[in-house]
Amino acid sequence: MGDHSLHSLYDTTGPYQALAVDEAQLDVLGQRREKQCRSVWQKLKAELRCSGPRVKSCFLSGVPLLSWLPHYPFKENAFGDLISGISVGIMHLPQGMAYALLAAVPPVFGLYSSFYPILIYFIFGTSKHISVGTYAVMSVMIGSVTERLAPDSEFIVWTNNSNESFIDTAAQINKRIAIAAAVTFLSGIFQLLLGLVQFGFVVTYLSEPLVRGYTTGAAIHVMVSQLKYMFGINPQRYNGPLSLIYTVLDVCSLLGGTNIGTLVVSIVTIVCLVSAKEVNSLLARKLPVPIPVELITIIIATAVSWRFDFKTLYEVEVVGEIPSGLQPPVLPDFSLMGTMVGDAFALAVVGYGIAISLGRTFALKYGYKVDSNQELIALGLCNSVGGMFQCFAISCSMSRTMVQISTGGKTQIAGALSAVVMLVILLWIGSLFEELPKAVLAVIINVNLQGMFKQFSDVSGLWRTNKVDMLVWLMTFILTVLLNPDVGLAASIAFSILTVIFRTQLPKYSLLGQVPGTDIYRPVEDYNQVVQIPGLVIFRSSATLYFANAEMYADHLYEKSGVDITKLLVHKKKLEAKRLRKEKKEQKKAKKEAKKRAVEMLEAPELSDKEEKLAVAIVAEPELDPCCDSGLPKAIILDLSPVNFLDTVGLKTLRDIHRDYGDAGVKVLLSGCQSCVIENLEKGGFFNDKVTKAVLFSTVHDAVLHCQQGDTKEAMKGTHF
């Protein structure tokens, strides 16, 4: 198409009048660029191309600390970060010790997990506000691994003299520490690998309803796991599906053997802690820094336990020895990793999902960007390096993050200062809490779960807004409670993906009509004033077209258009066969008549020219096709704007629709195709000598104008002749 042809698309002599432009004309009008296909080697060479600015950019993106620390606004942020760091560091003490109980390791390892990973995240993390460290859900997942691989039954020792048994606690603790470090190290390796291959988008499969339902279900596991410390009993450890139910039943059966001293400590701690938190929330607006309720609780509980010797007089279980100082790095036990691959991957995904969800939330609120792939690398380094220092897997805590923000924290400096607070505790203060009752830590854990239990209110909100998301929340909660956090997560993700498949497999199919006086087209069933254009069927699906819904797409098109194309084509073939049989019969009859006339012509005068023409006309008169007045639409316009890709099945479906309706005398036009869909059509062989890009239009309105202009031309031809 030359300049003259392009110029003819528009009427420049009078008022502007829109004319339909098909895709072939648009390619010329817009001067479409030809895509350059590069070989794999060329792509690899371009990716590995090294230059000074590129090396600098990669280095700074890999170590974000170097990019923001030189520009740190000291006067504006230093004081807020200092107060925030001290406040969060104080919170790390009780939470680290408490969550170590969930992981089934000594409390000091919770303090290690609140120190090393924080320093690493300070260097490699990109979120300015989240507080990484121990987290209840991660801890209970670690605990399920340690207790499964190091059960009590494996460490039972029998005495020769009294023929009695006891559990070798020291050996069991050492084995559980090794297991926790190994699974943490492996989860960090998974996160590092996912980050290096730019797999940060994996978090998209963890929707907000799924994450909130999962954390609520995991909170039930956390609460049940702490009942033995609150009642001073020792229930049996269960593994596998329904283990939570069995544990609850076992706890109920052992309530008669409750340690009264432990129960009294638990009740008093619950009353004091809940009351103090209520006062704290009431005074939140008046206080510059929240009251460290948990810290005050463990200080008082430790002092009272030491003064009245709870461990000896009332047999209350206490924290025990807390060694001062730091542990040297030790390589994890690689022989254990074969039995924990699934657990490590679940830890990697859950920890990353929770951290990136909170990180993105606060980044959006305060106007900066969080790099999802760099976050994977940062968390991977936290866990892999932390595993060598005998830490257990970490993530981000909502409660600590809120305190960090509310006390003025604005950068990662606050996290680094909280690590300094933990270092002071580990070196000089930790041993002072050896007489702290474990029941107090269990109460702190369960009271802090109230935020997760408030997530039950999500169900009513999701019921009003999106019932499918509500179903995802409920199923995730149920699967997590019944199948344990690790298996429950995998089942929940699978169910969530199934809902996406069902949504695309069961979309809404609509016939579109025009809003009078506009070029806007909307479903006729949704609007009273929308008018269907006579002779045209405009059809749209609300989802993309692919193998799972291709057959339903064609069926609903036949249903909405009011044309059973299969019966129509069969009927047309029958009529064609009948017409051919009748023509053969007429030809035979004409031959007989010709022979008869030939004989008569020899005996009679020749027929006049007029009679001869009449005879030929009688023989050659075609039979009218009954299908010509069958009420078929003149054209069908498929609105493919919701379609973002075409697989081979979807492409075949479009090809069959175009062929079948074309055989029935109905034009099929495609509109709203995205560039990738047009590319799929080209590569899939949709276009040929008979089917060109003239069937493609950018909008539904262009396709409608094309049909109307065609009708106008036909009418003008009829008038001319």
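Even glycines carry a Cβ here, placed using N, Cα and C.
Lifted from TrEMBL, the feature list:
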COILED    570-604  coiled coil
DOMAIN    526-707  domain 'STAS'
TRANSMEM  97-124  transmembrane segment
TRANSMEM  177-201  transmembrane segment
TRANSMEM  244-275  transmembrane segment
TRANSMEM  287-308  transmembrane segment
TRANSMEM  334-355  transmembrane segment
TRANSMEM  376-400  transmembrane segment
TRANSMEM  412-429  transmembrane segment
TRANSMEM  473-502  transmembrane segment
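Here the transmembrane segment (412-429) has long-range neighbours at 65, 68, 72, 77-78, 80-82, 84-86, 88-90, 92-93, 96, 108, 111-112, 114-115, 118-119, 121-122, 125, 127-128, 131-132, 324-326, 404, meaning same-chain residues at least 6 beyond its ends whose C-beta is under 8 angstroms from one of its own. Counting C-beta pairs under 8 angstroms (sequence separation of 6 or more), the transmembrane segment (97-124) reaches the transmembrane segment (376-400) with 3 or more such pairs. Remote same-chain partners of the transmembrane segment (244-275), defined as residues 6 or more beyond its termini with a Cβ less than 8 Å from a stretch Cβ, comprise 220-221, 224-225, 227-236, 238, 293-294, 297, 301, 310, 313-317, 437, 439-440, 442-444, 447, 481-482, 484. For the transmembrane segment (177-201), same-chain residues at least 6 beyond its ends with a Cβ under 8 Å from one of its own Cβ atoms are 103-106, 109, 142, 145-146, 149-150, 330, 332-334, 336-337, 340-341, 343-345, 347-348, 351-352, 356, 371-377, 379-388, 390-393. With a threshold of 8 Å between CB atoms, the same-chain residues lying at least 6 positions outside the transmembrane segment (334-355) that come near it are 127, 130, 132, 135, 137-138, 141-142, 144-145, 149, 178-179, 182-184, 186-191, 194, 202-203, 206, 211, 214-215, 375-376, 379-380, 383, 393-396, 485-486, 489-490. Each residue in the domain 'STAS' (526-707) has a pLDDT score, and their mean in this model is 79.
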